[in-house]
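Engineer: Below is the structure I would like to discuss, written out as structure tokens.
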Amino acid sequence: MVDGVEVEIARIGARGDGVAMRDGAPVYVPFALPGERWRLDGEDGAARVADGPARAEPICRHFLRCGGCVAQHMPGDVYRAWKRGLVVEAFGHRGIEADVAPVVVVAAGSRRRAVLGVVRRGGEVTLGFREEGQHKLVDLAECPVLDPVIVAAFPGLRTLARLVLKEGETGRLVVTRLDHGLDVSLDAERRDFSADERAELARQAREMGLLRLTVGKEPIASAGTATVTLGGVAIAVEPGIFLQAVPEAERVIADLCVNSLPRRAKTVVDLFSGVGTLTFPLARRVQVMALDSDKRAIAALSNAVRHAQGIKPVTARVRDLFREPLSARELQGFDAAVFDPPRAGAADQAERLAASKVPVVIAVSCSPATLARDARTLIDGGYTMGQVTPVDQFLYSAHVEAVAVFRR
Ligand SMILES: C[S@@+](CC[C@H](N)C(=O)[O-])C[C@H]1O[C@@H](n2cnc3c(N)ncnc32)[C@H](O)[C@@H]1O
């Protein structure tokens with residue numbers, strides 16, 4: 001940044017920064033809004049010199065310092081337009097004029113899964129969100145985005161981390177609210193726990209009322225079966241398994257999938273199925289073949305099928321769909337395909353789908369950029385894209401989920 005120069009913010013960029021143009025190049029100003037004027041003060045940052053439209057009151061005291069949120073200062077209409085715009089722009093970059101619906105925004109306090117950083121210094125543990133590339137953790141007293149049950153566990157989680165981390169060591173906590181309590185996995189360098197230390201960790205887990213505690217790969221405590229109910233089916237899951245971040249978003253995504261099926265659909269393939277988030281809601285109506293490369297996820301899904309009631313037949317297979325995407329021939333006979341890949345998208349699988357005759361393809365994605373890339377492939381293969389629905393389950397972050405439906 002250049003000292004003392006004033007700029008006017010024109011728009012909000014992909015990471016939530018305000019963007020101003022200077023000498024034909026974009027300048028990014030964190031936490032700035034369109035219509036505001038800012039003075040750029042060298043490497044140290046920038047200062048607001050003139051207000052634009054009203055700012056929103058942040059819902060959290062840690063906003064601006066915590067790595068979790070970038071957008072609590074945006075008024076609701078600006079925020080929703082920005083999130084929708086992320087999807088519109090991603091398609092625009094691929095030459096697609098997408099029909100993008102208004103954003104479905106989840107409620108605050110509904111996020112059931114958190115990946116938290118912990119560090120031990122001077123005997124004390126700091127617990128907070130670490131954004132990519134950011135090193136400093138802000139110790140959290142609250143987080144209005146997370147399920148309050150997770151927030152209430154913060155003090156106990158610090159105690160757990162204190163028992164595990166050496167001085168100066170950092171660790172990573174994955175905390176998930178399952179059907180009957182919190183599932184906590186703590187990853188740290190240290191692996192050599194004595195029997196006494198293990199007993200102390202187990203005692204702390206009991207005191208916190210945790211459903212399960214895992215340190216590294218070692219099971220430390222369990223207070224019952226760890227299940228998550230998806231589409232009315234309880235699935236016993238292993239620590240750290242992928243789940244959609246917010247239950248409400250999971251239902252919106254599942255409903256969009258089910259409601260987009262052809263009326264007479266009988267069989268659907270669920271690509272990148274995970275433990276069956278979309279498989280089970282789909283299986284209430286149609287036969288499903290579920291595929292994922294994660295052995296533990298497919299085992300959980302298969303076990304759940306055995307005791308599930310009121311669903312159509314489900315088959316589940318382990319398959320690496322990057323190395324060995326389902327071919328157009330293998331896709332033959334399915335009335336619809338759902339694909340919900342990781343952030344990298346599913347370039348090769350999209351090519352096979354584009355060459356197939358599957359009447360309806362439903363793409364679910366947490367990355368508008370790779371969704372748009374894969375959409376281009378499907379459109380070039382003869383599919384017509386219907387409405388795209390952005391689902392804002394990563395509240396106040398620069399991420400957004402989206403569902404797109406393709407037909408031929
Ligand atoms: C975004 S998650 C979606 C899971 C599931 N549809 C859900 O909603 O819970 C992506 C899934 O892709 C799976 N995956 C990642 N790489 C894969 C690959 N190469 N082949 C098949 N599945 C893969 C992961 O195991 C994960 O379950």
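Every residue gets a Cβ built from N, Cα and C, even glycine.
Keep in mind that this is a model prediction, so the values were computed, not measured.
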Engineer: Determine which of Q244, Q309, Q332 appears in TrEMBL for the same S-adenosyl-L-methionine site as F272, D292, D340.
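Structural biologist: For S-adenosyl-L-methionine, TrEMBL names F272, D292, D340; of Q244, Q309, Q332, the listed one is Q244.
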Engineer: My understanding is the cutoff is Cβ-Cβ under 8 Å with a sequence separation of 6 or more in the same chain; which residues meet that for C366 (active site, nucleophile)?
Structural biologist: P342, R343, F394, H399, V400, E401
Engineer: For the S-adenosyl-L-methionine site made of Q244, F272, D292, D340, how many Å separate the two farthest Cα atoms?
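Structural biologist: That value is 15 Å for the farthest Cα pair.
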Engineer: Which residues does D292 (S-adenosyl-L-methionine binding site) neighbour through Cβ under 8 Å, counting only same-chain ones at least six apart?
Structural biologist: F272, S273, G274, I298, L301, A316, V318, R319, L321
Engineer: Using an 8 Å cut-off from the Cβ centroid of Q244, F272, D292, D340, can you name the remaining same-chain residues around the S-adenosyl-L-methionine site, in sequence order?
Structural biologist: F242, D270, L271, S273, G274, T277, L278, P341, V364
